[in-house]
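**Student:** One structure follows; several queries about it will come next.
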Ligand SMILES: Nc1ncnc2c1ncn2[C@@H]1O[C@H](COP(=O)(O)OP(=O)(O)OP(=O)(O)O)[C@@H](O)[C@H]1O
């Protein structure tokens, strides 16, 4: 390996698009390079770094970063650094342009090295596919192994495109917030806009997240705890610098000032926090967890907070979490309350418009006031009133409410969800509990009698459980306290032979995950006995029976419990078993939920708000100090009133903003069309063949891949010796855990692309006409350039100008012949020539061929200019209105952050500058000749 001298220039073999890198620093183990053109910094292990030293040869034209060039006559080396001399000037390598390209194919041509034409066509096809994928707005959405659910795709598409997403994902329980966060994360990582990501979750969900990120998104996170930190600190100093994608529990960071300081110092591009309702906050009194996230969030550009119950601990808590997203915007709680009330009027106007009606005079006035110019309003009377109405709705949704920072999908806005069937069972209260009627969990307050008889011997709720288990279905049981779960485990062991698993906070994490996995196993535990920690985040939708052994007083907690079964993927009706003891606090709670809120049979949208008002009376009723009938009647009335207000106001705007069925459906349909077009399967078959991967048919659209003899397969990511079963069909891959979903974004596919395009394979082919008798030129050069634009990732230049092939075909008269000889014709009418047979003629015709190549480069530059122009026009057409929209939006909607606007404005100028600097690089050549053609030799 060459020495990594400071200032020396290198190119990344795996990411050539980064441009020319310069060594900044290094030690015995590592080396750091700055890729100035793309603004990227990379650190590599010294041994085996995928870097190639750049050394130009005499005859090469080199460019300085100031814009002047010289043709190299000699190279001088001093202290490990090169200086290029030519034409009386000298250029030290430190002053080389950062946007340099190489021209390897012609070197191979004149050295008489050639590949079969099939490799050349494979390479060009790979370039075309790559350009299509990298330029697509669907990038990052194709690869995840998920069902194409429009409401999730919509949010991911909306959020990931932003400069630095800072949002609260607050879909109702079980609608897929983890998946939405994963989609956003996947998009950001794939497009290089977020490299360092920290995911913080409750400890009990660590493994589930770890597996979902790996299995659904092919993202390999490192789980950090104290042991891992100690090990990593020996290597890296700050342990959080030893990995890019880190998953940790909030409790771990909150519990260690040292680790938190290290995590803060390590720096992140994106922070994701699950179950964010735990970040409790009261004015001036943040909880330790809140303070942890606040510190990290202040130094991180992107922030995703996830919670199904944003108002679980009151509107203040909700406000505090919004404050984490944008402290400038959310600093005044009173103003926030006032705004919430204001949404109602706007939602009413949206409804009027949606109903196809024109707003009345008062509403029109309101619109004028809110939208300023309100141009769309004036167009309502025109012929295209429909469109004007749509525009007006868009403007209103865009400019009002917390829509930009808050997304909330609700079951009612989405397609069919399974039915919830409550089974309330009033049971006689055992005499032993007679003095405990005020307790929702009497078994905990009960003192065992002298005979040592445990409570589960006489508590009739246990009989209900035993009877239910006789039916053979899987049953999830949730209770408030771990002691109850442990006792029930003993009860089942003693009173029945049903295999039961336990799940509570005192069990080690691994044991909990094992218990959950055993319950998930078809032949495993029939019942999982959970304390309250089982009510959060977990996926138990394979079960249809939930026993609510007791009830929480907080409706959000009840919804979380039911959400374990009532979530995406649930295929049957959900049976909610609520056994309660008559004339006790249990009855009061059960009836309050059932008759007051109707919270068992459906998601009761207003329940948290009702609870805030009624909490005191409810607790009085539990203690049998208040009249239950009156409480139920008042609860019903309030729930109806608040539910209607929410539906008509804030939630309505929020729902409309969070999910637009039409464009969201179109996104899903476009992805489904790419899934179905069969292009990937056909192409990968060729690419795997090329690399010598053994492919065995498994079933339709599925195969087993194994590394073959060829050297290269070892470099393909994820292809272990024992092989890999893959499916090109999303549906199959979803149903079969043992199959990888092979999409355009799967690491094996992108790894194979990188391996091909980063190598010389297929970049030089020599061919002869199969029938040279016709009127064909003596020499034909087909040169494929790649138009490359080096730019910082945040600019997302790929969206407008992805690396793309430019094809130029020239004859010896330097005439462009691409139209006469399309690639397919050359494929059909030529055959490979052995390079050895051509060494002599190539030498003899070198001057002519070099002239042809120079002319091809000029033609490619012209083509490149046209492509750049077209891309600039497209970029401006898309981004200028977007920047204007943000600017005018900021005037009426304070949710737009200043940094967002600044970025939108500078982005256009920066893109302009970088796109103008795009250069074509010769990537592959096919030379066709009549000399030494099979028919003439
Ligand atoms: N698009 C999808 N394709 C396949 N499975 C999905 C999809 N969306 C969600 N799921 C599954 O549905 C379940 C619920 O999703 P997820 O855990 O993301 O919901 P959530 O909103 O985070 O839930 P909670 O509110 O309980 O935290 C999970 O098992 C998840 O894997």
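Glycine residues also receive a Cβ, built from the backbone N, Cα and C atoms like all the rest.
Model, not experiment: these values are computed from the prediction.
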**Student:** Between the candidate ranges 274-277, 278-281, 282-285, 286-289, where does TrEMBL place the motif 'DEAH box' annotation?
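**Tutor:** So the range that TrEMBL calls motif 'DEAH box' is 274-277.
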**Student:** Summarise the motif 'DEAH box' (274-277) by DSSP state, stating how many residues are helix, strand and coil.
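**Tutor:** Helix, strand, coil within the motif 'DEAH box' (274-277): 2 helix, 0 strand, 2 coil.
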**Student:** Rank the binding-site residues 171, 172 by the number of other Cβ atoms within 10 Å of each Cβ, and give the residue at the low end.
**Tutor:** 172
**Student:** Give residue numbers and ranges for long-range contacts of the motif 'DEAH box' (274-277): same chain, 6 or more residues beyond its ends, CB-CB under 8 A.
**Tutor:** 168, 177-178, 181, 199-202, 205, 209, 293, 305-310, 312-313, 317, 321, 536-537, 556
**Student:** Judged by the number of other CB atoms within 10 angstroms, which among 173, 175 is the least packed of the binding-site residues?
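**Tutor:** Across 173, 175, these binding-site residues, the one with fewest Cβ atoms within 10 Å is 173.
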**Student:** For the ATP site given as 171, 172, 173, 174, 175, 176, 177, 178, which other residues of the same chain have their Cβ within 8 Å of the site's Cβ centre?
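**Tutor:** After dropping the recorded site residues, what remains is 308, 409, 563, 567, 568.
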**Student:** Hey, of the binding-site residues listed (174, 176), which one tops the CB count within 10 A?
**Tutor:** 174
**Student:** Counting other Cβ atoms within 10 Å of each Cβ, which of the binding-site residues 177, 178 scores lowest?
**Tutor:** 178
**Student:** May I ask which of the binding-site residues 171, 172, 176, 177 have a CB within less than 6 Å of any atom of ligand 1, listed in sequence order?
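**Tutor:** Checked binding-site residues vs ligand 1; flagged 171, 176, 177.
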